[in-house]
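J.: Once you've had a glance at the structure underneath, I'll fire off some questions.
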């Protein structure tokens, strides 16, 4: 006697949990994917060998099976049921189980045994397998607006730094060149926010694991709003007073921004399902591209409005009148507007519940986690407080223990080194492009324009590069990260950035001409494209997936802080090559950046692919690494006995 039905196609590595709603009727088809240890646990209910031999496998492709018909089997206690397994090829320790249960008591025994055999909590499995819904989109927007603000605040300074030089460091007795910020002052104005960001990442990342993601998330947002507004204020009129005030508040602005990095990534990774987790985290980070675009756009609009109301001659015509007095308001408005998007999302951030993983795994409150996530996902989730104790006991090793180093040390070195090397190049490009635009012919020479015209042209060029080079790369990552995987995208991005920067460095003298300016702009734009459709996105995603829940925020913070250390190398080191616009030095800078990108390519081999796996499986919190270590230990013990 046989019964025919279709299971549908399962992708390789996708392991949906038991569908309890499929078991509502006496003759219902239930679908599940069980680990081999689970199959052994329910082995008392069925003769595995007989059932497996009688299964009819009619079609398969790589990592996929379809089961059409299964015969009746008979268990040891005489109950009849339609049951069993087809082992999927090329999926390690995975078994595809399809069953039709005829008697309610057997059905309940299988469900109970299957649940007991899994070491994971129901609330975590529910999050991993939840369908994409409106709440996920809202979480992306709420977390993403923080990143929008981060990028705006960090990069808008590039559009106004030259204006600051004209306003406060002009030497009218000379009249040869417009005023410029001295190198040390320029490095301080550009780089102080990065120093604050690095500090904030480490502090708030650690607090995110100790106090909770949601609580610390609100603190960072308030700090960003206050300091963005205060960045446009000055305690005095002298250049020293203005720059000191600006640097002070931009440090603390960066401190708040730093906290947003690990918390946004961790919150999104812990809310997302495993099928689209990478795309969701990348979408949050893609708001950085929007922030860079708006930094150029807002600066362009503000400078244009001031320019229309304050006409002035070019510097070469009149070096005194070329700097409009009202331009002092323009840069302040641009900086202060950075508070607006953060302020608008504060209410919604505070309405978000704490992540289920933090509540269950770190706070130890499985009941609250099940209630919060059940309300969010609109499903009923079992609390499993008793099971939580076992889950936590197998994952209690501290951050710097030998067990952590053995399991995650290589990955932590990989995420820190790749982010460090990437940000040397990425921030060098963004912060120094104002110096390269005139060489590319995208802006006029400084003496050919007045102060607000220079600000407008710098902002316009930054907007164009961001719109057509930077922005598309982010969304290519969102579209392809679950198809190509994080590892491949990162390798490709580092390699292509190296190639284009080598070309620019080697052919710089030929490219930096009026005839080849558009070719130069295209090559320069492609380096931005592959930075974002590459390591700039993936270095943000991977640390949010590779590490255990209780140290996830801290490890992401350490990786991001390494990135900001690289950004400081770019701001304080590479920028010295480009500040005066000398071709030989810009050429040398491009060659240095090409080498750092190639180093990043090789360091990528220290991390692993995380696509399609749950956070607990990746980090070993589900007990899989404990079992592997036990098996290796037993094998070594057996070999010693044989010898």
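Every residue gets a Cβ built from N, Cα and C, even glycine.
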J.: Can you say which of 437-455, 589-607 is given as transmembrane segment in TrEMBL?
T.: 589-607
J.: Can you give the mean pLDDT for the domain 'Major facilitator superfamily (MFS) profile' (139-612), rounded to a whole number?
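T.: Within the domain 'Major facilitator superfamily (MFS) profile' (139-612), the model's average pLDDT equals 88.
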J.: With pairs fewer than 6 apart in sequence excluded, do the transmembrane segment (280-307) and the transmembrane segment (188-207) have three or more C-beta pairs that lie under 8 Å?
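T.: No, the transmembrane segment (188-207) and the transmembrane segment (280-307) are not in contact.
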J.: For the transmembrane segment (589-607), which partner among 241-259, 280-307, 461-481, 518-537, 557-577 gives the most CB pairs under 8 Å?
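T.: Stretch with the highest Cβ contact count: 557-577.
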J.: What stretch of 216-235, 280-307, 329-348, 518-537 shows the most Cβ pairs under 8 Å to the transmembrane segment (461-481)?
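T.: Highest pair count goes to 518-537.
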J.: Using a Cβ cut-off of under 8 Å, list the residues of the same chain at least 6 residues beyond the transmembrane segment (280-307) that approach it.
T.: 136, 139-140, 143-153, 155-156, 158-160, 264-265, 268-269, 271-272, 324, 326-327, 329-330, 333-334, 337, 430, 452-453, 455-456, 458-464, 466-467, 470-471, 473-475, 477-478, 481, 532, 536-537, 540-541, 544-545
